[in-house]
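As recorded in Swiss-Prot, the features of this protein are as follows:
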type	residues	note
BINDING	65, 66, 67, 68, 69, 70, 71, 72	ATP binding site
């Protein structure tokens with residue numbers, strides 16, 4: 001089979017104005033970035049806000065292998081299939097981060113014959129949204145250090161600066177650094193560090209903001225440091241929320257692109273699901289709901305991460321109703337959770353596959369607690385044997401369909417689309433976590449009901465931070481748990497369906513502007529590192545300007 005980039009290059013793209021017409025976006029609201037990409041002017045909301053909402057389909061997955069299980073490919077395929085069946089459907093996705101593109105996971109524009117295009121642009125610099133987030137984030141850092149150098153009127157304690165710098169790259173060497181070296185002209189020396197842009201609070205804010213006014217308000221409330229007299233320093237104290245909003249004025253507008261079958265797609269925003277809330281912008285999804293019958297959206301990593309955060313935090317924040325959830329599974333991931341080593345996953349092993357189905361069962365059981373219909377999509381790979389596929393179908397008690405979107409595009413997801421249409425209903429969804437719960441109750445509920453832990457413990461550092469949050473009145477905010485994506489638990493080595501273990505909260509981080517608290521479990525880091533042989537070694541460009549190796 002041809003590579004993703006070869007398939008993408010052969011696709012016949014339609015002008016973005018034509019794609020916009022298909023979902024009733026008139027030309028006055030289309031801001032083209034070349035022939036095939038456009039921003040959509042936020043003024044369109046006044047025109048469509050009274051339209052009836054379409055139905056929202058959330059795509060998630062079982063606990064993945066390191067390479068991922070094809071959620072994006074399945075999401076795109078499902079939306080294309082719904083369009084093939086005469087339904088008006090839009091897929092809404094996150095923007096790829098350059099870190100994973102050049103790291104182990106590769107791009108995030110789908111794969112095979114189920115892609116959003118133009119994939120080279122989407123996977124690389126796209127419309128500059130992520131760079132705008134980086135610029136806004138680093139402006140805060142620059143202003144903090146300049147403020148300290150020129151008199152420090154706010155009394156910022158350099159040892160209590162919470163705001164690290166950012167870059168959209170996997171670079172472990174930048175996790176902990178010292179800035180301000182080289183003499184007083186370069187500022188005051190202090191410890192600092194970098195996080196990846198997808199983990200920036202500004203990325204979360206961009207994806208949660210409802211409009212420019214809300215964006216500016218959220219930016220102003222970011223807590224960046226503490227003063228010598230223990231007061232919290234916010235962006236509004238630095239008087240730069242206006243400048244930050246200016247840097248983000250175009251980034252807040254949704255990006256319209258197309259699938260390989262010329263159906264519409266919004267690709268906007270890119271917070272990670274293991275260290276943030278893990279789904280595309282509220283603005284893009286709300287707009288898509290007003291413009292189509294069915295919106296297919298994806299939440300990062302497995303159902304214990306992206307889907308939980310979508311159902312407990314994003315949907316209540318945005319006011320979404322969720323009408324169905326699709327859980328992507330693969331024979332490879334099932335075998336992996338059944339104990340098969342990574343280099344043996346292509347070998348037939350029905351026994352291990354059946355054992356690994358416990359992981360899928362737990363995720364489905366968890367999702368049903370939200371009172372939503374759950375459908376399983378088995379993303380079929382060429383290495384899957386007929387016996388494995390037959391045994392999966394025989395033993396999967398949940399409505400399920402085999403998906404061949406990678407090989408066949410929308411045609412390969414028609415069975416899934418029909419199954420979704422059969423099971424979808426008017427939303428009766430309700431979150432598991434409520435605002436009335438205390439912070440500890442929220443964490444304990446997630447730990448026991450979703451992560452299947454027996455109990456929760458807090459390190460001394462976490463207990464101290466909890467007191468800090470209470471003192472400043474932030475303990476009532478929603479909680480986002482940052483943990484490994486490789487296990488339902490807080491330990492990446494605990495595969496399949498661990499239960500009854502101790503779940504440890506080691507620290508808390510405040511995202512006051514975004515409007516949530518991050519509870520850190522395990523050794524999760526906000527700045528990834530590259531692997532020994534990163535995807536970067538496979539990427540090249542020929543003399544004619546054709547990119548090679550991007551996927």
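Cβ atoms here come from the backbone N, Cα and C positions, even for glycine.
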Note down the number of other Cβ atoms within 10 Å of the Cβ of residue 65 (ATP binding site), including every protein chain shown. 17
Which has the fewest other CB atoms in a 10 Å radius around its CB: 66, 70, the listed binding-site residues? 66
How would DSSP class residue 71 (ATP binding site) in three states? helix
